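Asker: Take a look at the following structure, please.
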Amino acid sequence: MLAEALDAYVDTARKVGNPSSLHAAGRDARRLVEESRERIAAVLGARPSEVIFTSGGTESDNLAVKGIFWARERPRLIASAVEHHAVMDSVAWLAAHQRATVHWLGVDHRGRVDPDALAEIVDEHGDEIAMISVQWANNEVGTLQPVPELSALAARAGIPLHTDAVQAAGAVPVDFAASGAAALTISGHKLGGPVGVGALLLGRDVPCTPVLHGGGQERDVRSGTLDAPGMVAFAVAVEVAVKNQQESATRLAVLRDDLIARVLDAVPGAVLNGDPADRLPGNAHFSFPGCEGDALLMLLDAQDVACSTGSACSAGVAEPSHVLLAMGADDDNARSSLRFTLGHDSTDTDVEALLAALPGAVERARRAAAWKTPR
Amino acid sequence: MRILAAMSGGVDSAVAAARAAQDGHDVTGVHLALARNPQTYRSGARGCCTLEDARDARRAADVIGIPFYVWDMAEEFHASVVDDFVAEYAAGRTPNPCLRCNEKIKFAAVLDRAVALGFDAVVTGHHARLGADGLLRRSVDAAKDQSYVLAVLTREQLDRSMFPLGDSTKAQVRAEAAARGLAVAEKPDSHDICFIADGDTRGFLAARLGEAPGDIVDAHTGDTLGTHRGAYAYTVGQRKGLDLRTPAEDGRPRYVLSITPKTNTVTVGSREDLAVHRVTGERAVWHGERTPVECEVQLRAHGEVVPAVVTVDGAGLTAELRVPARGVAAGQAVVAYRSDAAGDVVLGSATITTDRADD
Ligand SMILES: Cc1ncc(COP(=O)(O)O)c(C=O)c1O
């Protein structure tokens, strides 16, 4: 957590945890939550009433997809094929259990959706489409989507578009009003705030049925007593992240491009995944054909170089990423990939350390993959 | 040394990894995911490829303080162990899948990969001794001894293996796990075949091989005594579940003597008919003792030992039994031991090819 956010969390927890009276405590907590709402709205181009606090990105995505689908009572849904599981599995669940018809929007080899493909589906099925969900930035390969263009297209047909901006907020400029999206997901821990806190920015006139029913605390769309210290820390983190966004993005992009160039240079056969230009400033994602990503990760781990493979199932088995498969990779190439993430504390020294370890590790992992071929 | 600890999620492999780490080795824990779809193996404490087991292994690694990874070996496991298991039954033999898993997965695919990744050896929680002399011996805990399913390992494989539990009883291992704060200390042992979660081997085979009714034939008279629904469901020595229409003339129980896939018949006879005096084997692994050698042989997992004279000729092995044995099934291993006060020593092993040497 960002130091400012952590301080804010602790200060607030001490304050609201130490009330002079029960009544005053409730009032204090409410005031702090509302102030946080205003602060977040102010830096993300939203109205305070459009900020629905949730327990994080997963809940916000579920609420947007299911809530808008339910409220609009139309049979079709559109989502990109590279969504985070929080969106993808919500959509798939609606298809499996609530008879939703899903149109998965394919992506090109850089991971970008094609606005014309969206336009085609919208033209053909306009009235039957409940909602559209296309992420702002991909959490694996870092590719950015043309959200304003897609939103405009959706808005012309009167269809709400939700965008998962968990990875984008704080990393690239994100403005809810300017984006034209009907709903937008953000998550605390991706911005330097606490885990377990997030928000759905939800346009005032976008219908949305609750997923969590109860006291109706959040505009009757979301229920549950809010964690005031969490909200305050979240607001501080969002403010700091947005304030530093440009400077940090500029610095990270330089570091990232250096890392990418040097990896491509030092490792024979390495391939950069995602869009070379339109990508998250801190994201570098490669395939190392002939390696297994999990073997490589293990070798780099042992040298204190942090990286990650795609997703793993609940037993921990690395699975070929649906993102890479959607981008046209085959199973083996998808399994040979690795992501390096640069953050506010990353420096040249980290890039040096990575390059010192990587070529040897790739060579070794390639040799280790040879056992897979039939003996 | 850099050691890879194969961690099943059970108490034995957890303690083995902990001991290797305590001995100063640089240990990395790996859980082998063997099920094609781990979700479908949600089957409680049985088996070795459940979600719970993966979690238990990870927790143990955390407590020990070693890095931990999951390796997906499902494809290899299915090809080398599960498919082989089905094919062996279809061929009228009785395979031992744990032995096959050691031979093809743990000390082959996993070991090869580990070595390629820079590890020196693999440590497992098997109950067997492998000391400085390089000899594979029975565990001090006779009831838990697993040398039988390890005897298939070659010298090269043994040279890259560590079995730190061989000098401990299971009770000691459990006590040590508790003392080390490992939550798996009380976890029940897995007995069943890990890929047959409900324990119904016959049903598992029937689903893959289909119903194939055939005759149950008397070894002496050649009479058909009944029908079976698939010869693969029978094992030599089996008495239960024969369901014979015609009881034997002498009124005494009948045992499965052999299975003949070609004619899809199960041949039965008396207990005396089961007696075997000579066992032949193929694919022998032998650790160098001159033969013929006077020794003891074990003919199935947890079976009793029989004094025998063993001769090895290339990949072939013959054991002349000093005392006849019963229930000797093709596909099982014949493992030769030399008795030794410091733990009986594995001389070698082979896959049994004959049901009854008298055939
Ligand atoms: C793109 C994206 N969406 C949603 C989520 C889920 O957010 P949370 O962890 O707050 O539930 C993540 C988290 O990593 C993400 O990267």
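Just so you know, glycine gets a Cβ as well, placed from its N, Cα and C.
Marked as ATP binding site by TrEMBL: B:Ala6, B:Met7, B:Ser8, B:Gly9, B:Gly10, B:Val11, B:Asp12, B:Ser13, B:Leu32, B:Gly125. Summarising the annotation, TrEMBL assigns active site, nucleophile to B:Cys101. TrEMBL lists B:His126, B:Gln332 with the feature site 'Interaction with tRNA'. What TrEMBL records for B:Cys194 is active site, cysteine persulfide intermediate. Annotation comment: TrEMBL describes B:203-269 as domain 'tRNA-specific 2-thiouridylase MnmA-like central'. Residues annotated as domain 'tRNA-specific 2-thiouridylase MnmA-like C-terminal' in TrEMBL: B:279-352.
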Asker: So how many other Cβ atoms are close to B:Cys101 (active site, nucleophile), meaning within 10 Å of its Cβ?
Answerer: 28
Asker: Find the longest CA to CA distance in the recorded ATP-binding set B:Ala6, B:Met7, B:Ser8, B:Gly9, B:Gly10, B:Val11, B:Asp12, B:Ser13, B:Leu32, B:Gly125; express it in Å as a whole number.
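Answerer: The ATP-binding residues span at most 15 Å between Cα atoms.
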Asker: What does DSSP assign B:Asp12 (ATP binding site), in three states?
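Answerer: Helix, per DSSP.
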Asker: For the domain 'tRNA-specific 2-thiouridylase MnmA-like C-terminal' (B:279-352), what are the DSSP-based totals of helix, strand and coil residues?
Answerer: 0 helix, 49 strand, 25 coil
Asker: Quick one: Cα separation, B:Gln332 (site 'Interaction with tRNA') versus B:Cys194 (active site, cysteine persulfide intermediate), in Å?
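Answerer: Computed Cα spacing between B:Gln332 (site 'Interaction with tRNA') and B:Cys194 (active site, cysteine persulfide intermediate) is 18 Å.
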Asker: Spatially, which candidate from the recorded positions B:Cys101, B:His126, B:Cys194 is nearest to B:Asp12 (ATP binding site), comparing Cα atoms?
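Answerer: Given the candidates B:Cys101, B:His126, B:Cys194, the nearest one is B:His126.
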Asker: Nearest to B:His126 (site 'Interaction with tRNA') by Cα distance: which of the recorded positions B:Leu32, B:Cys101, B:Cys194 is it?
Answerer: B:Cys101
Asker: Does DSSP give the residue listed as 'active site, nucleophile' helix, strand or coil?
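Answerer: DSSP assigns the residue listed as 'active site, nucleophile' to helix.
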Asker: Determine, from DSSP, whether B:Cys194 (active site, cysteine persulfide intermediate) sits in helix, strand or coil.
Answerer: coil
Asker: Rounded to a whole angstrom, what is the C-alpha distance between B:Ser8 (ATP binding site) and the residue listed as 'active site, nucleophile'?
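Answerer: Between the alpha carbons of B:Ser8 (ATP binding site) and the residue listed as 'active site, nucleophile' there are 13 Å.
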Asker: I want to verify one value. Collapsing DSSP to three states, which class is B:Ala6 (ATP binding site)?
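Answerer: For B:Ala6 (ATP binding site) - judged by DSSP and reduced to three states - the answer is strand.
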